[in-house]
Structures are given as structure tokens and as C-alpha cells.
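Heads up: the structure comes next, in C-alpha cells.
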Amino acid sequence: MVGKNLLVRTLTSVLIFCILVFSLYSGKMAVYTLFFTIAVISAFEWGNMTAGRKVFYIPAFFVIILPYASLLYIYSLPHGTMLLLWLIFSVWSTDIAAYFVGKSIGGWKILPIISPNKTWSGLCGGIIFSMMTSMMMSIIFGIFSVSHSLIIGMVIAIIAQLGDFTESFVKRLCKVKNSGSVIPGHGGILDRMDGFIFTAPLTAYYIKSIAKFF
């Protein structure tokens, strides 16, 4: 069963990767359509997960609208496609590495009350892989220096995990395991995009206001 679930997760991840790259290199309309579709599905998932409770209306802005708007803003910048791919792969590498390292090594839990499967070993693995991914993508695209990319990769990994814990906290409050079931082997869109809740807006601000000084 575990092997089958891993195969499904892997195949789904490859499909998502292909759709993303195809959209990014097919022009603005494809990108806007993709992100609009994802945002709409995320909104439906959020509504279903929170059962339409008004207390979750304002948080929805920070969980859905702000992150996707920030991703589109990054895409609109000079070298936006490369910057977006760099951010997405840095965040996803954090998620993937944290899952496999945490599952393989185990150890102390970070916040078992909120997310019982998250371990310190997984967090460290996520940070290391995010730093490596950030560095490699920066070298390939020529967007940041090696030292700069390593530091940003570390920060992205930590912030991405905060987004993961935030969504886990909401799911815990709403007593649901996944935000949805639209992605086989992964759960809902929000379960795969929670790493961008904070990284997307903060990265957009960083690139626009701070990175130019380095």
C-alpha cells in the first residue's frame, strides 16, 4: 500500500511539474488561466474545509488571494519565469525532502499537537535541500550569487514550513485530514500550496525592495 501511494504521489508530481512548465513557457494567458483555476479550487476547498464559518473569511485572503497574487506579481517582473521557477522548486524541494527525511530518520516532533508527523529531522532535511535547490536554480538562471541563494534558500525553507503548520492548524481546528482530494496521492490544492502562504508575498517584497541591494 505504501509503495502504491508513493507511486501515485510521484506520478502526480511529475504531471504537475509538466503542467507548470508548459504553462510558464506558453505565455501569460496560460499562466493566468492556471493560477486563476488553482485559486478558485483553493477557495472552494477552503470553504468546504471551514464549513463556511465567517471567522475564516479574513484568513482566506492571506491563505488564497495574497499568495497567488504575489506569485503572479513575481511572474510579471523581469526574468519572472525564472524567478517563479526558482521559488516554486525551492519550496517544493523543502516539502519533498522534509517528507522523505522525516519518514526515514524520524525523531523528535516539532509541534505534534498541530502536525504529528513533522519532525526536526525533516525540517533540517527540508532546509538543506531547499538551499541546494536555490543554489542550483540560481546558477542555471543566473539570478543570484551562490552565497545569496544559499541564505535565501534557508529562509524560504523555514517560512514554507510555517505555511505548512498554518494550514495544518486550520485543518486541526476544522477536524479534517486533507483540504480536499483533487490531487491523487496528495490531497487538495491547499495541501500542496500551503508552502507559498508566506513565502510568495515575502519573496515578492524581497525581490522588489531588498534584493536589488545585493
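Keep in mind that glycine also has a Cβ here, set from the backbone N, Cα and C atoms.
Among the features that TrEMBL reports, transmembrane segment is placed at 7-25 (among others).
Distant neighbours of the transmembrane segment (31-48): 19-20, 23-24, 56, 60, 63-65, 68, 71-72, 75, 179-180, 182, 188-190, 193; these residues of the same chain sit at least 6 beyond its ends, with a Cβ under 8 Å from one of its Cβ atoms. The transmembrane segment feature in TrEMBL is assigned to 31-48 (among others).
Here TrEMBL flags 55-77 (among others) as transmembrane segment. Taking Cβ pairs closer than 8 Å, the transmembrane segment (55-77) reaches residues 24, 31-32, 35, 38-39, 42-43, 46, 83-84, 87, 166-167, 170, 190, 193-194, 196-197, 200-201, 203-204, 207-208 in its own chain, all 6 or more past its ends.
Summarising the annotation, TrEMBL assigns transmembrane segment to 83-102 (among others). Same-chain residues lying 6 or more positions outside the transmembrane segment (83-102) and placing a CB less than 8 Å from one of its CB atoms are 13, 20-21, 24, 71, 74-75, 77, 117-119, 121-130, 132-134, 137-138, 141, 143, 152-153, 156-157, 160-161, 164, 192, 195-196, 199-200, 203, 207.
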